[in-house]
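Peer 1: Before I ask anything, let me first share the structure, which is written out below as structure tokens.
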Amino acid sequence: MKVNEENNKPTKTHVLIFPFPAQGHMIPLLDFTHRLALRGGAALKITVLVTPKNLPFLSPLLSAVVNIEPLILPFPSHPSIPSGVENVQDLPPSGFPLMIHALGNLHAPLISWITSHPSPPVAIVSDFFLGWTKNLGIPRFDFSPSAAITCCILNTLWIEMPTKINEDDDNEILHFPKIPNCPKYRFDQISSLYRSYVHGDPAWEFIRDSFRDNVASWGLVVNSFTAMEGVYLEHLKREMGHDRVWAVGPIIPLSGDNRGGPTSVSVDHVMSWLDAREDNHVVYVCFGSQVVLTKEQTLALASGLEKSGVHFIWAVKEPVEKDSTRGNILDGFDDRVAGRGLVIRGWAPQVAVLRHRAVGAFLTHCGWNSVVEAVVAGVLMLTWPMRADQYTDASLVVDELKVGVRACEGPDTVPDPDELARVFADSVTGNQTERIKAVELRKAALDAIQERGSSVNDLDGFIQHVVSLGLNK
């Protein structure tokens, strides 16, 4: 640690954190920042960049840790983003590329802030949607809120730019022979960002270059752990040409059960409801912060839950606006399942629910945060991937880790209610191989974040490396 010559006190190593404004991206990076601040202690000074309307996501962290401060920059306007919108949660799924492109306009303000700062950051840790931050004149660490295998696939897509043989066939299989286990997916199951790419369009060329900058960044931090994805972490090191890849997961909240937004049911009520149920007898249903089921899917899922006879908690994201193709749960459902079903409209205290002894299975869209939280809880996953990296996550969960069972797949698929009912009933009875594997993986996950565990060692290694960057300036 350097010493300030004026007061003879050690100079802290300054690190800038830049989350991407979407719940599934902000939450894990802010949780990582919390751990970084606690573990780094007096060695680190941390600044977190947010736009004004995203400050509430950061506020709990600012009140919990003293060596973190905010950098609030105005949101850069974009012609296709409504005025006042600064987070992807207020946009349809198609809003991701708009947000990526808009945030690229923070390059000049960031350069100005860095060059004028009396003690500028020696490094930046930014979300993998913000690859352009590699070009700020300081070492940039790519933070992946997704699985290591997803990083492998995204790198291959944006560097090699594979295309379909038959442009009209979305069922065509895309192979990744250079990646361990040679994964393959239908073309409609790979990144929608990649599938939407338009050659020569300036906005899309910016996004392509940004993803390519991830591979060329100084280092990579992944929300995973060696026992779960070691083979993919080693592949990333070979691909990037160095060992500056740190697996610091599972990144889980140190506190807070209701960080994501308003909910129709209090956390205390949810916990009391679960307390009255037997161990491993409740199915938890949640599709994350972005997915709104179609009316037909909602009806099929409600029917499957009703027919199954299982106890369940269903966290429902309802449409922001009236939409004839997307429906709410029909009136009367709550009454028909009263006593064995609890419907939460809005944000659910997912971490607390999954960790409760009564929860035995989790119907999930396979967003990586949800997968990680289920792994830490040791809960059997029932997979229903719909988009983005969810197909990759589902394949990892079911085919490789064997801690899940397929329930359905696809954003528009309407499942058979009777088949869903069978899957639900089977998931909370007996000791399936998948349930046993889930318990074993939970132990490996918890071991990784214990003192001298693989992820704690990687976190310490990351901190030491960042501090060394400050010493060498």
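Each Cβ is built from the backbone N, Cα and C atoms, and glycine gets one as well.
Reproduced below are the annotations present in Swiss-Prot:
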{"type": "ACT_SITE", "residues": "His25", "note": "active site, proton acceptor"}
{"type": "BINDING", "residues": "His25, Ala388", "note": "anthocyanidin binding site"}
{"type": "ACT_SITE", "residues": "Asp127", "note": "active site, charge relay"}
{"type": "BINDING", "residues": "Ala348, Gln350, His365, Trp368, Asn369, Ser370, Glu373, Asp389, Gln390", "note": "UDP-alpha-D-glucose binding site"}
Peer 1: Within its own chain, what residues at least 6 apart in sequence put their Cβ under 8 Å from the Cβ of the residue listed as 'active site, charge relay', listed in sequence order?
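Peer 2: When sequence neighbours closer than 6 are ignored, the residue listed as 'active site, charge relay' has Phe18, Pro19, Phe20, His25, Leu29, Phe143, Pro145 within Cβ distance under 8 Å.
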Peer 1: Measuring Cα to Cα, how many Å separate Glu373 (UDP-alpha-D-glucose binding site) from Ala388 (anthocyanidin binding site)?
Peer 2: 18
Peer 1: List the residues of the same chain that sit at least 6 positions away from Ala388 (anthocyanidin binding site) in sequence and have their Cβ under 8 Å from its Cβ, in sequence order, or write 'none'.
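Peer 2: Those within reach of Ala388 (anthocyanidin binding site), by Cβ under 8 Å and sequence separation of 6 or more, are Ser191, Ser192, Gly367.
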Peer 1: Report the largest Cα to Cα distance, in Å and rounded to a whole number, among the residues Ala348, Gln350, His365, Trp368, Asn369, Ser370, Glu373, Asp389, Gln390 that the record lists as binding UDP-alpha-D-glucose.
Peer 2: 22
Peer 1: For Ala348 (UDP-alpha-D-glucose binding site), just give me the three-state DSSP call.
Peer 2: coil
Peer 1: Going by DSSP, is the residue listed as 'active site, charge relay' part of a helix, a strand, or coil?
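Peer 2: The three-state answer is strand.
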Peer 1: Fewest other Cβ atoms within 10 Å: which of the binding-site residues Asn369, Gln390 wins that one? Let me know.
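Peer 2: Checked Asn369, Gln390; of these binding-site residues, fewest Cβ neighbours within 10 Å: Asn369.
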Peer 1: What does DSSP assign His365 (UDP-alpha-D-glucose binding site), in three states?
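Peer 2: Assignment for His365 (UDP-alpha-D-glucose binding site) reads coil.
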Peer 1: Are there any residues in the same chain, six or more apart in sequence, whose C-beta is under 8 angstroms from the C-beta of His365 (UDP-alpha-D-glucose binding site), and if so which?
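Peer 2: Once residues fewer than 6 apart are set aside, His365 (UDP-alpha-D-glucose binding site) is near Cys286, Phe287, Gly288, Val291, Trp384, Pro385, Met386, Gln390.
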Peer 1: Judged by the number of other CB atoms within 10 angstroms, which among Ala348, Glu373 is the least packed of the binding-site residues?
Peer 2: Glu373
